[in-house]
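Enquirer: Quick one: the structure is below, and I'll ask about it shortly.
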Amino acid sequence: MGPKQRVRKDNYWDSGEADKDREEAEKLHKKGQQQSDSDSDSDDIPISKKKPTSKFAPVDESSSESEESSSEEEVQKKPSKPAAKQSKKVAPTNNKKKPVVESSSSEEEESESESEESSEEDTKKKPSKPAAKQSKKVAPTNNNNNKKKPVVESSSEESESESEESSSEEDTKKKPSKPAAKQNKKAPAKKAAAVESSSESEEESSSSEEEEKPTKPTQNNNNKKNNAKKPPAAKPSAAKQQAKKPAPKKPEEPEVLSGFLLKQRQEEERIAREKEEKRIREEEEKKRAAEQKIIDDEKARLKSIENSKKRAEKKEKQAGAAAEADRMAKLAKLGVNISAVGEKKEKSTNKTKSGGKKQNQVSSITESVEKLKIEEPTSAPKDDVVEVMDSWDNDDYETVEEIQKKKEEEAKRKEEEEEAQRLAAKEEKKKAKAAAAAAAAALIPTTDPTTTFADKSYRSPIICILGHVDTGKTSLLDKIRNTNVQGGEARGITQQIGASFIPVDAIKEQTKSFAEKIKMDFKLPGLLLIDTPGHESFNNLRSRGSGLCDLAILVIDIMHGLQAQTLESINLLRMRKTPFIVALNKVDRIYDWKPCVNTDFKEAYKIQSKSAAQEFDYKVKDIIAALAGQELNAELYWRNKDHRKYVSLVPTSANTGEGISDLMLVVIQLMQKLMLDKVEFTNQLQCTLLEVKVIEGFGTTIDVVLVNGTLNEGDKIVVSGFNGPIETSIRSLLTPPPLRESRVKSQFINHKSIRAAMGIKIVAPGLEKAVPGTSLHVVGPNDDIEKIRAEAKREVDSVLNDVETSGIGVSVQASTLGSLEAFLNFLKKIKIPVANVAIGPVHKKHIMNASIMLDKDPKYAILLAFDVKIEESAIQAANEMKVQVLSDETIYLFEEKLKKHFGAIKEKLRAETASICVWPCILEVTNVFRNSNPILVGVRVKEGTLRIGTPICVPESNCADVGKVIGIKLNEKDVTLAKKDDVVSVAIDDNNTKTTIYRHFDDKKQWMSKITRESLDALKEGWSEDLTKQDIQLLKFMKTVYKIQ
């Protein structure tokens, strides 16, 4: 509860009593001044002040002045300690009022706390003479008219501010001296005023306690007057002291406030205590964790030491055994006879005499080896092992039983190793005699000045060129072939059968300026570029499970980006896992591009305008983003730091020759850095058949690519045929003349022997039935011809047997074995069944095989001819038998043709079966509007779909026919069908039925669509793709209702 407010009376100030009180206050003020002057003059006379009779307390201005002077003296001198506190005077109240305590309880508490603090400081400071503190006087109330009067407070705001300023000045210089006692303010003898003052003092006391360094309250009257000069004031009489004693009163409100502060402090202490305990617990946990970690680390260290010890011992023994076995194996290969492990060899006494003839290289090597002393493999003594184990026992980590067990295991392992070593030595001794002659012959170097290191060690890599139609593949090949042709000379570039061979000398001349900058070292003899169509040269040809091409060049038109066949080529490259680079062709088509004929691209890029360079950068970024969409990382070749993870982009122009040298150099670099071991030359034959052609003057020939090995004239070969393996002998090995004469068919160069890699035309009898895309085998003198024939047959059968034929499907014809395999994968992807497959041109018999589908499934009576020739007899047979033949040279175009073909067949079939097929539905009759001619009813579709033309019957009424639906209305609108849960009005034609509603059937039973076996078959053939799972389930249920088999 707040303090009670004093009721203000306006008539007091208008009356004459206010003037009288003002005059009396002025008189008292003058008396106070005179008295203060007299006090200052008389030092030994005590101050005696009369009690004012007026009901107003005088305003003592001298107190503030004396207070200011005393504060100034306190700054200079040590503060003197105050004496005992005088009691406060209580003013008598009216007859009906009880006496009011002048000082508030908060002021008493403050004065008591101040007195306690001052007593503590007395022990530190020297005490001075105390000065008596005057108490404030209480003005008596007016008894004349028995009314409450307003009171003028004795202390002014000016004195308080002055005292605060003096105290702040004192704090800056020295420690503040605490006053002995605080004088109480004079208050009127009114209950409301007393309560108000007490509440104010409570707020002041609470605010002062919350501060970190509480400031002491200001003094209202003269606390100290010239402490050094003025003697202490005289004590008042006993009567006055008795009168000044305050009436006892229990301060209830301050005690409640003190209890609240106490609880708040206790709560803060509890929180702080809990935080401290939590911190201590966390530190203990961290300490325990650290100790546990130290223990675990020590255990791990001991264990690692033990393991490292074991590994070191094991490695040392294995290394010793391996070194000994290797040394003995080398000696055995050199022809040294080793009797047994551990036996000493006798030193050879054979020495060359000075001046004698030198022995051959083999005998000298054998003699030098025999002079060597073969050391016996000695094992470590057991005493050393025991000593090592004893040293580990000092760690107190292993028990005696464990050490003993390890010793036994070690001894057992040594015995096993020694036994294995003896067996290996015996085996090496057996092989030594057989290998001695060959090893000795191998040590004799054979030098041939006509062969180079590159020709001897490596073959030419086979490069395939892929890309979309009209991206410049053929132009790029022509530019590569004709780059160094000057003055009508080919400069070593020869045109091979189905391939273009670029020798290393031509590549060096073409990339001369570029290769010198990077100090290129050419190790390959050249490049073999396959110029057959991409899908033939790459996807189809198989050579012992790997693709024909070592590296592919994917040509992309920089103006158009990735196109349909480009994506197909990327998929083929991924399927074969063949590395490739990208040639960004037609850079000369960029706007404002300045052509630089036969220049490396980086030099041509430097002279371009800013707009042309920016457009080139934009095009490159678009292609990189498109390749990223195909999950390929790509970058321009001079910025590519990792060729294994990023595809190199080489800008080129087949028209001006820009970037051609860059392309050749990037191919060489990629092959030499990453795939040099793949193009290493071996004597094992690897040859793939490309095409079967009839050449005038030679008959039937085959074009092959010799990947590895050597072919000789007269070799016996085996190739795969349509009717089985073909055995024949090579009559001629032909290559075309230089490039300028390549178009003359009658001129070929005949070779006795050709080494890989090369494109060759082989002339041999009986090659008419050879299968392109298969391997060519050479039969050696010690080879099993039956095994080779089985392998050739298995190569064709593996593809033909992989065809998943269900007896119903299309017929497929392809040019090569590989193209057939690729085409079958494509048809499987688009879910087209295959019934028959064949390789080679389309004949009449193939049309007859396809016509079988006319009886089984007419929509599959088609033949797909992929890149093959169609004979005239086959075309006539197809027209007569109504078999459609679809032919094309690219795979992706077949998808559009097949969609168009099956779409036309489907529309035709639907038109034929529309009047027969019946869709399943179950109806619930809600209203009958008309009984006949026609029947008009309201129905709800419970299951299926209701369509116009659907026959309706009632199965529960002996399958009574209702009629055929001729109209459906939904929300007053005509519709062609009603779906499940639709409520519609239906018009049913009953003219052709012999039943009547409510006589043969009623509306209380379910009505259904009437299905038959013919309607089910027609629905499956023409509308199977439109049937839902719910429709199929409903048809199964209705088959049981109508008992259809």
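Glycine is no exception: its Cβ is also placed from the backbone N, Cα and C atoms.
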Enquirer: Between 585-588, 657-660, 833-836, I'd like to know which one Swiss-Prot lists as region 'G4'.
Expert: 585-588
Enquirer: I'm validating the feature mapping. Which of 427-434, 467-474, 987-994, 1019-1026 is tagged region 'G1' in Swiss-Prot?
Expert: 467-474
Enquirer: Across the region 'G2' (492-496), what does the pLDDT come to on average, as a whole number?
Expert: 53
Enquirer: Kindly report the helix/strand/coil residue split of the region 'G4' (585-588) according to DSSP, in that order.
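Expert: The composition, in the requested order, is 2 helix, 1 strand, 1 coil.
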